[in-house]
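A.B. asks: Under the heading compositional bias 'Acidic residues', TrEMBL lists 172-183. Residues or ranges marked as compositional bias 'Basic and acidic residues' by TrEMBL: 195-206. The annotation domain 'TFIID subunit TAF5 NTD2' is assigned in TrEMBL to 2-125. Taken from TrEMBL, the feature region 'Disordered' covers 172-224. Per TrEMBL, the feature repeat 'WD' maps to 254-295, 327-362, 369-400, 411-452, 453-486, 495-527.
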Amino acid sequence: MYEEYYSGLKHFIECSLDCHRAELSQLFYPLFVHMYLELVYNQHENEAKSFFEKFHGDQECYYQDDLRVLSSLTKKEHMKGNETMLDFRTSKFVLRISRDSYQLLKRHLQEKQNNQIWNIVQEHLYIDIFDGMPRSKQQIDAMVGSLAGEAKREANKSKVFFGLLKEPEIEVPLDDEDEEGENEEGKPKKKKPKKDSIGSKSKKQDPNAPPQNRIPLPELKDSDKLDKIMNMKETTKRVRLGPDCLPSICFYTFLNAYQGLTAVDVTDDSSLIAGGFADSTVRVWSVTPKKLRSVKQAADLSLIDKESDDVLERIMDEKTASELKILYGHSGPVYGASFSPDRNYLLSSSEDGTVRLWSLQTFTCLVGYKGHNYPVWDTQFSPYGYYFVSGGHDRVARLWATDHYQPLRIFAGHLADVNCTRFHPNSNYVATGSADRTVRLWDVLNGNCVRIFTGHKGPIHSLTFSPNGRFLATGATDGRVLLWDIGHGLMVGELKGHTDTVCSLRFSRDGEILASGSMDNTVRLWDAVKAFEDLETDDFTTATGHINLPENSQELLLGTYMTKSTPVVHLHFTRRNLVLAAGAYSPQ
């Protein structure tokens with residue numbers, strides 16, 4: 001019976017005009033799945049099997065993984081354990097169709113009295129109807145491919161404060177040493193040009209920024225202020241990147257990492273590097289000549305004169321100095337690692353379902369956060385410290401504060417594992433990438449989902465925000481890097497070139513270049529300025545979500561750098577715009 005209905009609809013769609021055909025073809029996949037599940041659920045096993053065999057070849061290539069899962073569900077009992085399929089039955093699959101195509105479909109189904117199909121459409125599909133021209137096949141293919149269809153246009157309408165918070169005002173003392181150094185060699189004193197570019201950027205309040213006190217952020221400590229001053233000094237020596245001035249790449253290869261390297265992080269000032277391993281250890285290395293030292297034992301600390309100038313130096317125990325520290329405590333592979341901005345703490349998340357907070361003063365575990373019951377795939381500190389986010393196999397991301405042992409927010413809505421989590425530079429939002437092939441943006445203030453981005457054809461494994469907070473880049477197992485405009489909620493670019501999962505993405509410090517690292521053992525550099533500059537986001541694109549993606553990956557690709565046989569697990573731009581990349585050598 002279902003076979004007749006499906007064939008009838010298929011015939012109707014294939015005979016319809018070209019402009020409607022592309023849009024109505026979107027119906028094939030959700031109807032196919034629902035009809036198949038309906039047959040299985042009502043225990044018509046043989047009919048289900050023949051239905052599947054007859055029509056699964058019609059589906060788009062990017063649904064193959066789902067169809068593989070589907071073909072293994074042949075009995076009603078199989079469905080009970082499969083959460084993804086239960087979700088598929090209970091949540092509505094979203095299609096965007098123009099009003100003309102919709103009217104055409106409705107007329108056809110009512111003439112034929114195809115109530116079965118119409119019931120499925122009513123019950124399981126959400127048709128987001130827009131006025132205007134039907135979309136082309138290419139426009140549709142760019143946006144579809146997620147587990148629940150596209151995002152409703154309403155989902156991306158709410159206001160997002162994507163601007164940056166105002167920087168605190170800190171006076172930067174001028175360097176006397178530099179000036180004297182120049183004089184000794186007999187050169188005249190160079191007048192230092194006033195570096196207004198850095199200062200002026202932060203003084204004005206960004207019109208798109210959230211109010212300073214929208215979420216409570218920790219106070220700056222004196223050590224943080226010193227660090228900011230150091231950062232500003234480094235910034236004056238930063239290399240301006242561009243198509244003609246590409247960064248150097250320094251690659252840290254983990255050799256003999258038979259423990260299986262599963263996560264890497266580098267501190268903002270590029271002084272420490274941490275690796276999470278499959279043997280459940282976390283290892284921390286010092287990348288600078290400065291060795292890692294622990295604080296002395298309590299008995300020795302009591303003997304120190306608290307008033308002395310070098311008290312911070314005296315509390316360190318020279319006997320413990322080494323380049324590498326190993327942190328033991330997890331009972332499963334460590335999939336996520338993140339340093340706190342002040343470099344006092346390190347977070348790690350593991351297959352054992354916990355996130356641990358380690359002290360980098362004593363190199364011991366301070367807290368184990370338990371909330372996920374399944375593996376935790378990623379964790380990251382907020383750019384302001386104190387808060388952190390974690391995401392895992394339980395399909396939820398959680399927001400924590402270091403001094404609470406229970407999560408402050410739970411971000412629920414993904415239909416499959418949350419593979420990666422990232423904070424927005426202003427710390428008011430969190431982005432999550434999932435195996436349901438969608439990216440969601442969540443508001444930290446109230447836990448609401450404010451953006452849903454669809455378009456990837458495989459699980460998403462990497463995310464990064466541009467430094468100005470306006471754009472998001474995402475990478476997935478389909479080897480594509482997609483670029484999104486957060487304010488308008490639109491896809492604005494697609495970078496093709498990688499041939500395997502993109503597992504790391506990073507923008508340069510001023511956002512001129514996007515670096516992507518992949519399992520295909522390459523690092524690629526893309527021209528981010530050019531990718532975002534031609535954006536005239538006017539009202540028509542926002543209203544209909546019609547985007548014409550330029551096929552300009554080749555023009556935007558500035559360079560491809562092969563490693564010998566090392567997947568690129570992590571990328572980092574130093575404060576002077578040198579790229580640090582890391583991965584474990586895997587002999588073929």
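Glycine too: its Cβ is placed from the backbone N, Cα and C atoms.
Please treat TrEMBL annotations as automatic predictions, because they have not gone through curation.
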A.B. asks: Near the repeat 'WD' (411-452), which residues from the same chain, at least 6 beyond its ends, have a CB less than 8 A from one of its CBs?
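C.D. replies: Result: 84, 87-88, 91, 145-148, 151-152, 155-156, 158, 160-165, 209-210, 214-215, 217, 377-384, 387, 389-393, 395-399, 458-465, 467-469, 472, 474, 476, 484, 486, 489.
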A.B. asks: What same-chain residues lie close to the repeat 'WD' (369-400): Cβ under 8 Å, and 6 or more beyond its ends?
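C.D. replies: Residues 83, 217-218, 332, 335-342, 345, 347-357, 406-412, 414-423, 425-427, 430, 432, 434, 442, 444, 447 contact the repeat 'WD' (369-400) from elsewhere in the chain.
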A.B. asks: Please give the sequence-distant neighbours of the repeat 'WD' (495-527): residues at least 6 beyond its ends with Cβ less than 8 Å from one of its Cβ atoms.
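C.D. replies: For the repeat 'WD' (495-527), the sequence-distant neighbours (Cβ-Cβ under 8 Å, at least 6 residues beyond its ends) are 235, 238, 240-243, 246-247, 249, 251, 458, 461-468, 473-477, 479-483, 553, 555-573, 575, 577, 579, 581, 583.
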A.B. asks: Looking only at the repeat 'WD' (327-362), report the model's average pLDDT.
C.D. replies: 92
